[in-house]
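Chemist: Got a structure for you, written out below as structure tokens; questions coming shortly.
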Amino acid sequence: MTTSSYFLLVALGLLLYVCRSSFGSEHTCESDASPHPQGVCGSPLAEAVEAACELEESLQGGTGKKRGRASLLRKRRAFLSMLKARAKRNEASPLQRSGRGIVCECCKNHCNLEELTEYCPPVTEGSG
């Protein structure tokens, strides 16, 4: 291996390391990790996502249609009730999967409003 090839390989490795560390806002969890002291778990987590989604929708101006809004709220509530059920299953299961997800980001770690809104169902103008 020539010196220039070796230098290129080291530079590429450093670039990958910098890129990976700059995206460090993503949380990872181990299956045996305990909840963060400021983490939100279970039903309060689903309620926090619901509040964050409603805030995001109001900041974006909502759907603008009253008829479509009722259908949109039903869809959002169905999504959030599914999220609550999933959170309860995750709390009850002793063998939780490791990795990333809302439980990892907001229960096992402390998440912010921006991270909560990543879990909002998509809002479309034509919902209804």
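Cβ atoms are placed via backbone N, Cα and C, with glycine included.
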Chemist: Considering the candidates Cys53, Cys104, Cys106, Cys107, which is the cysteine that Swiss-Prot reports in a disulfide bond with Cys29?
Modeler: Cys104
Chemist: Which of the three DSSP states, helix, strand or coil, fits Cys106 (disulfide bond)?
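Modeler: Going by the DSSP assignment, Cys106 (disulfide bond) falls within a helical segment, counted as helix.
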Chemist: Which disulfide-bonded residues (Cys29, Cys104, Cys106) fall within 10 Å of Glu115 (4-carboxyglutamate) by Cα distance?
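Modeler: So the list is Cys106.
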Chemist: Of these disulfide-bonded residues, Cys104, Cys111, which scores lowest on Cβ atoms within 10 Å?
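Modeler: Relative to the other disulfide-bonded residues in Cys104, Cys111, Cys104 has the fewest Cβ atoms within 10 Å.
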Chemist: How many neighbouring Cβ atoms, not counting its own, are there within 10 Å of the Cβ of Cys106 (disulfide bond)?
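Modeler: Its Cβ has 26 other Cβ atoms within 10 Å.
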